[in-house]
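Noted in TrEMBL for the protein shown:
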BINDING   C124, H127, C195  Zn(2+) binding site
COMPBIAS  1-15  compositional bias 'Low complexity'
COMPBIAS  16-42  compositional bias 'Basic and acidic residues'
DOMAIN    56-232  domain 'GTP cyclohydrolase I'
REGION    1-51  region 'Disordered'
Amino acid sequence: MTIASSNGSPSLSYSSDKDAKEHQPLSSRPDRSTTHGAESKISHPSSDVSNEALMNSVQTMLAELGEDPEREGLLKTPKRVAEAMRFLTNGYHQSLEDLVNGAIFDEGHDEMVLVRDINLFSLCEHHMLPFMGKAHVAYIPNQKVVGLSKLARIVEMYSRRLQVQERLTRQVAEAIQEILDPQGVAVVVEANHMCMVMRGVQKPGSWTVTSSMVGVFKEDQKVREEFLNLIRHQPSFF
Ligand SMILES: Nc1nc2c(ncn2[C@@H]2O[C@H](COP(=O)(O)OP(=O)(O)OP(=O)(O)O)[C@@H](O)[C@H]2O)c(=O)[nH]1
Ligand SMILES: [Zn+2]
């Protein structure tokens, strides 16, 4: 078994806030952000895309909010916001293949590999407000292992898009399944949604847990429990 920590029914999906209504998982219809093949075909890296239209829309938004876009403090704001939004959504322009960069090793290993506490920052697709938290990613290899950092990079790629937490969780699991064809994959994401904190229902302290279990993690309760215990375990070196 390998455990790494990054500071950086079988499927569960719940919010810790009892007042918050349970959300049904949103539609799982395929779109460009759920199909790996389609992602790698997106051929406009952010550097090639002009920010002009984006900057204009930020300027319009400032004016609509009653601000004066010409005042000194706001002069560079459209540019800053455009660049920030490009960064926060740069996961659209990455492909799984480039990201893994061939770092798949035939180790003959068949015990659980877990990278815990992978920090993530994403934007909810409904409000374009941040949600942030941690992902825990495990798999049981079928001989082949992937470079540990790649698991965190996969989380990063799918986080840097407009997302719903359920889809993000599932995409990470599907990606690992695709690159390694392991015996199983387990992904748990724990996150705090600013759209539920700063506005709307206004429930600071609420957090949402989603999971995606594939293969042995779905079929074998013992394997799943081992994973869930490992992500609850407090490391002794912190
Ligand atoms: N399932 C799921 N829902 C999310 C996620 N992020 C935001 N939401 C929810 O998306 C829903 C959008 O609901 P709407 O009624 O269309 O929008 P709204 O009027 O702004 O909703 P409120 O947030 O309840 O004020 C809200 O319930 C959000 O909490 C997510 O990652 N997963
Ligand atoms: Zn939201």
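Just so you know, glycine gets a Cβ as well, placed from its N, Cα and C.
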Restricting to the same chain and to sequence separations of six or more, state which residues have a Cβ under 8 Å from that of C195 (Zn(2+) binding site).
C124, H126, H127, L129, F131
Around the recorded Zn(2+) site, report the further residues of that chain (criterion: Cβ within 8 Å of the mean position of the Cβ atoms of C124, H127, C195; site residues excluded), sequence-ordered.
L123, E125, H126, M128, L129, F131, H193, M194, M196, G200
Other CB atoms, at most 10 A from the CB of C124 (Zn(2+) binding site):
18
Over the span of the domain 'GTP cyclohydrolase I' (56-232), how high is the average pLDDT in this prediction?
97
C195 (Zn(2+) binding site) in three-state DSSP notation:
helix
Check the DSSP secondary structure of H127 (Zn(2+) binding site), expressed as helix, strand or coil.
coil
Within 10 Å of the Cβ of H127 (Zn(2+) binding site), how many other Cβ atoms can you find? Include all protein chains, please.
16
